[in-house]
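According to Swiss-Prot, the protein carries these features:
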type: SIGNAL; residues: 1-18; note: signal peptide
type: DOMAIN; residues: 25-249; note: domain 'Peptidase S1'
type: DISULFID; residues: CYS31-CYS163; note: disulfide bond
type: CARBOHYD; residues: ASN44; note: N-linked glycosylation site
type: DISULFID; residues: CYS50-CYS66; note: disulfide bond
type: ACT_SITE; residues: HIS65; note: active site, charge relay system
type: DISULFID; residues: CYS98-CYS256; note: disulfide bond
type: ACT_SITE; residues: ASP110; note: active site, charge relay system
type: DISULFID; residues: CYS142-CYS210; note: disulfide bond
type: DISULFID; residues: CYS174-CYS189; note: disulfide bond
type: DISULFID; residues: CYS200-CYS225; note: disulfide bond
type: ACT_SITE; residues: SER204; note: active site, charge relay system
Amino acid sequence: MALIRVLANLLILQLSYAQKSSELVVGGDECNINEHRSLVVLFNSSGLICSGTLINQEWVLTAAHCDSKNFQMLFGVHSKKILNEDEQTRDPKEKFICPNKKKDDEKDKDIMLIRLDSPVSNSEHIAPLSLPSSSPTVDSVCRIMGWGTIKPADETYPDVPHCANINILDHTVCRAAYPVLLAGSSTLCAGTQQGGKDTCVGDSGGPLICNGQIQGIVSWGAHPCGQGSKPGVYTKVFDHLDWIKSIIAGNTAVTCPP
């Protein structure tokens, strides 16, 4: 297992690769070492793919557009240069994407549940994040975090995850910025009206955390990142609670909300 952890760290160092549609944290600072215990790194032989969120010992929540072949997940990592003794690596056992997702629309129902090949153990640097008990309100202060680029216009990747505070914005702000976004979309609009803080390349699939609960999944946004007039778009976890709980309970035929 030690060899696997070292290999995983070496792979994460290969951060020259990032999906075009991925997102990352700009305008933030290094996360506190113990504030991202639920943050998961999805990687393959090319390097970083996405982030994810541990929601219990056996399940990870991420974005559907993060789906890839032959990826692994790394838990409990803070610095790419310093190994945490409690880091753990897992393979996906099962992956679930909304069966009613539009196949030709990457932005539609951008949510994926991953069942691990074996449960992870809670530790100093690993713990699940709670699912939402209610929908977040406009102006709520929420936390974003990830391994994505820290510069809005080019790909500069940090050695540690970065975190920043942003706000839940009225959905009309994102609809004005992105005409393709439907009024009834199960998404959250989040950012800062003055700009400068945003998820960006490399942060896709990571969490939007409000009051200690995962309320959103990093999905998509503008490039360059951090534009006040073009906030980030996040999959709204609260709207998908029934689907998430049904899948975990074994009802894999359930569909997501329209």
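Keep in mind that glycine also has a Cβ here, set from the backbone N, Cα and C atoms.
According to DSSP, HIS65 (active site, charge relay system) sits within a helical segment. Taking the C-alpha atom of CYS142 (disulfide bond) as reference, the shortest distance to any of the active-site residues HIS65, ASP110, SER204 belongs to SER204. Counting in whole angstrom, SER204 (active site, charge relay system) lies 5 from CYS50 (disulfide bond) by their C-alpha atoms. Other Cβ atoms within 10 Å of the Cβ of CYS210 (disulfide bond), summed over all protein chains shown, number 22.
Candidates CYS31, HIS65, CYS98 (recorded positions) were compared with ASP110 (active site, charge relay system); those inside 10 Å Cα-Cα are HIS65, CYS98. In this view, HIS65 (active site, charge relay system) is surrounded by 21 other Cβ atoms within 10 Å of its Cβ, with every protein chain counted.
There are 22 other Cβ atoms within 10 Å of the Cβ belonging to CYS174 (disulfide bond). Rounded to a whole value, the Cα-Cα separation of CYS225 (disulfide bond) and CYS174 (disulfide bond) is 14 Å.
The recorded positions CYS31, ASN44, CYS163, CYS200, CYS210, CYS256 include none with a CA atom within 10 A of the CA of CYS66 (disulfide bond). When the recorded positions ASN44, SER204 are compared by the number of other C-beta atoms lying within 10 angstroms of their own C-beta, ASN44 comes out lowest. Between the disulfide-bonded residues CYS50, CYS98, CYS163, CYS189, CYS50 has the most other Cβ atoms inside 10 Å of its own Cβ, all protein chains included. Counting in whole angstrom, CYS98 (disulfide bond) lies 12 from HIS65 (active site, charge relay system) by their C-alpha atoms.
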